[in-house]
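*Asks:* Below is one structure. I have some questions about it.
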Amino acid sequence: MDVLSPGQGNNTTSPPAPFETGGNTTGISDVTFSYQVITSLLLGTLIFCAVLGNACVVAAIALERSLQNVANYLIGSLAVTDLMVSVLVLPMAALYQVLNKWTLGQVTCDLFIALDVLCCTSSILHLCAIALDRYWAITDPIDYVNKRTPRRAAALISLTWLIGFLISIPPMLGWRTPEDRSDPDACTISKDHGYTIYSTFGAFYIPLLLMLVLYGRIFRAARFRIRKTVKKVEKTGADTRHGASPAPQPKKSVNGESGSRNWRLGVESKAGGALCANGAVRQGDDGAALEVIEVHRVGNSKEHLPLPSEAGPTPCAPASFERKNERNAEAKRKMALARERKTVKTLGIIMGTFILCWLPFFIVALVLPFCESSCHMPTLLGAIINWLGYSNSLLNPVIYAYFNKDFQNAFKKIIKCKFCRQ
């Protein structure tokens with residue numbers, strides 16, 4: 001996804017592929033040795049980390065059975081795509097950046113641009129597929145359990161590559177301008193205005209809009225469920241504090257005769273403290289049926305309280321039980337709010353990283369072909385925009401896998417070579 005053709009004039013690209021900036025032509029003699037060394041180290045480190053990170057994700061899914069599900073198949077396919085970007089595209093892009101000119105010939109240039117557009121577009125569309133899968137899972141959890149099959153995942157993955165091919169192939173079939181190959185030292189994508197609109201909207205702007213809509217709805221659905229849980233907790237707490245359940249009405253009295261009088265379980269501790277009752281029945285001095293309950297107070301003392309059977313039902317809610325329920329309700333409410341904050345944070349990281357990496361590139365890619373010679377892009381800024389887009393292939397495994405505890409456990413096994421021993 002080279003946005004800037006190093007050291008060149010004002011040509012452009014669309015989806016992931018080189019474009020050039022306006023200004024004076026910079027020859028290869030202007031590239032210093034220190035620039036080449038520093039740039040090589042920086043880009044080499046980025047490429048190495050991208051290869052290692054995505055390879056670990058693929059290995060974790062392949063070796064750990066608990067990770068082999070439909071959701072992780074999409075993440076694994078994303079890692080394979082980003083691995084292809086890191087292995088097939090980034091080395092040539094780094095060479096182009098370090099030398100400040102294209103030295104591999106026109107055929108290799110065409111192949112480089114096609115791979116660049118194909119892999120980067122597919123990577124972006126994989127993010128859409130993951131968002132779509134999550135949207136279905138959270139908005140239709142019952143029915144989607146049966147629909148969430150490997151076949152559906154394969155269909156989504158195939159669709160991302162198909163769209164990538166449809167965007168990357170047209171320039172090779174002639175959808176370009178005569179000026180695209182006029183400079184042998186530059187490797188640029190088609191600057192045709194129609195292709196620029198077609199490629200930028202197909203590779204980024206439409207997927208961006210889709211992801212914003214999907215993650216917006218995911219957030220609303222998640223927040224609705226969380227707040228519904230909070231309301232249930234609050235209602236349960238209120239019922240515990242203020243509600244009363246009537247005492248049971250046995251069909252027979254102690255002596256076996258049918259009785260219409262209610263039994264009461266009302267307990268008061270004269271000394272105060274928390275109470276816990278365990279009932280038994282015996283005969284009173286006047287012949288009335290009495291229920292004896294053993295009362296355990298906080299002070300470990302015991303007393304027996306006779307309860308006359310004539311009395312009507314009287315609610316009893318021990319203070320310690322009420323306080324415990326209040327504490328539980330408050331804890332659940334805090335957990336629910338914490339889940340909502342985590343949801344906001346996760347979705348913010350996903351969308352924020354995607355927009356930060358790709359939006360600058362695609363703004364420039366869409367605008368520059370229409371500016372002709374009136375627009376000027378500083379060389380350094382163009383290089384930063386190019387590699388900011390490429391760095392998304394490094395960040396994707398961090399966002400979608402390394403924050404996941406199941407993946408973390410699999411990575412630890414890989415590091416400790418537990419899979420090798422098995």
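Cβ coordinates come from backbone N, Cα and C, glycine included.
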*Asks:* Can you look up which of Cys109, Cys119, Cys276, Cys316 is joined to Cys187 by a disulfide in Swiss-Prot?
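*Replies:* According to Swiss-Prot, the disulfide partner of Cys187 among Cys109, Cys119, Cys276, Cys316 is Cys109.
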*Asks:* So that I know how the record lays things out, could you check whether Thr103 and Leu337 fall in the same topological domain in Swiss-Prot, i.e. on the same side of the membrane?
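*Replies:* No, Swiss-Prot places Thr103 and Leu337 on opposite sides of the membrane.
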*Asks:* In whole Å, how far is Asp116 (serotonin binding site) from Phe403 (1D-myo-inositol 4-phosphate binding site) when you measure between their Cα atoms?
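*Replies:* Cα-Cα, rounded: 28 Å.
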*Asks:* Are there 3 or more C-beta pairs under 8 Å linking the transmembrane segment (347-370) with the transmembrane segment (74-98), counting only pairs at least 6 apart in sequence?
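*Replies:* The transmembrane segment (347-370) and the transmembrane segment (74-98): touching, no.
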*Asks:* Using DSSP, tally how many residues of the motif 'NPxxY motif' (396-400) sit in helix, strand and coil.
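*Replies:* Helix (H, G, I), strand (E, B), coil: 5 helix, 0 strand, 0 coil.
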*Asks:* In the same chain, who gets a Cβ under 8 Å from the transmembrane segment (194-216) while lying at least 6 residues past its ends?
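*Replies:* For the transmembrane segment (194-216), the nonlocal Cβ contacts are 12, 14-16, 117, 120-121, 124-125, 127-128, 131-132, 134-135, 163, 166-167, 170-171, 175-176, 347, 350-351, 354-355, 358-359, 362, 365-366, 369-370.
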*Asks:* Given the binding-site residues Lys345, Thr346, Gly352, Asn404, Lys405, which one's Cα is the least distant from that of Asp116 (serotonin binding site)?
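*Replies:* Checking each of Lys345, Thr346, Gly352, Asn404, Lys405 against Asp116 (serotonin binding site), the shortest Cα distance is to Gly352.
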*Asks:* Mind telling me which of the binding-site residues Lys345, Lys405 has the densest Cβ neighbourhood, counting other Cβ atoms within 10 Å?
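*Replies:* Highest number of other Cβ atoms within 10 Å: Lys345.
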